[in-house]
Amino acid sequence: MDNGGQWKRGSSRPRWLLSLLCCCDDLGRSRLLGAPRCLRGPGAGGQKLLQKSRACDPAGPTPSAPAAPAPRLASANHSAPPKLGTKRLPQALIVGVKKGGTRAVLEFIRAHPDVRALGTEPHFFDRNYGRGLDWYRY
Ligand SMILES: Nc1ncnc2c1ncn2[C@@H]1O[C@H](COP(=O)(O)OS(=O)(=O)O)[C@@H](OP(=O)(O)O)[C@H]1O
C-alpha cells in the first residue's frame with residue numbers, strides 16, 4: 001500500500017489526470033498556499049519540480065531555532081486526525097488536461113505534512129467507478 005507515503009494503483013499513463021489529496025480546512029479552502037515557504041526537502045516528491053520553486057532562505061531554520069510547525073488542518077467532516085489504517089474518501093481533487101501542469105500542482109501541495117495523496121491517478125470516475133466507494137477510499 002504505502003510507498004514513502006504514496007499510494008500506487010496501476011502504472012498506465014493517463015490521458016486525463018485525476019489526482020487525489022486532502023487539503024481542505026473548515027471553510028473548504030486550502031491554507032497551503034497562504035504562507036510562502038521553501039518546499040525543498042530530502043524526502044519531498046517531485047524534487048525536479050520543487051527545484052524550480054522560489055529560492056530557499058539561505059540561512060534557513062537552525063537546529064536551535066526550529067521553524068514553527070505547519071498549521072494543522074482541520075477537515076470539514078472529521079474533528080480528529082484519522083487513525084492509522086482508517087480509509088476515507090478524498091477531500092479534494094485535482095482535475096486537469098494532459099500536460100496542463102496538474103502534476104506540478106500535486107507535488108507542491110503534497111509537500112505539506114498534512115496532505116496525503118495518491119502517487120498515481122486512480123481513474124475512479126472513468127475506469128473504476130464500478131468498483132464502488134469502498135475501493136475508492138484510501
Ligand atoms: N509552472 C509551469 N510552467 C510551465 N510548464 C510547466 C509548469 N509546471 C509544469 N509544467 C510542465 O507541464 C508538463 C506536465 O504537465 P502535467 O503534469 O499535466 O503532465 S501529464 O499530463 O500528467 O503527463 C511538463 O512539460 P513537459 O516537460 O514538456 O512534459 C512540465 O514541465
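From the backbone N, Cα and C atoms, a Cβ is placed for every residue, glycine too.
The following features are taken from TrEMBL:
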ACT_SITE  Lys99  active site, for sulfotransferase activity
COMPBIAS  60-69  compositional bias 'Pro residues'
DOMAIN    90-136  domain 'Sulfotransferase'
REGION    40-87  region 'Disordered'
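Secondary structure of the domain 'Sulfotransferase' (90-136), assigned with DSSP and counted as helix (H, G, I), strand (E, B) and coil, comes to 16 helix, 8 strand, 23 coil. Taking all protein chains in view, 8 other C-beta atoms sit within 10 angstroms of the C-beta of Lys99 (active site, for sulfotransferase activity). Averaged across the domain 'Sulfotransferase' (90-136), pLDDT for the predicted model comes to 91.
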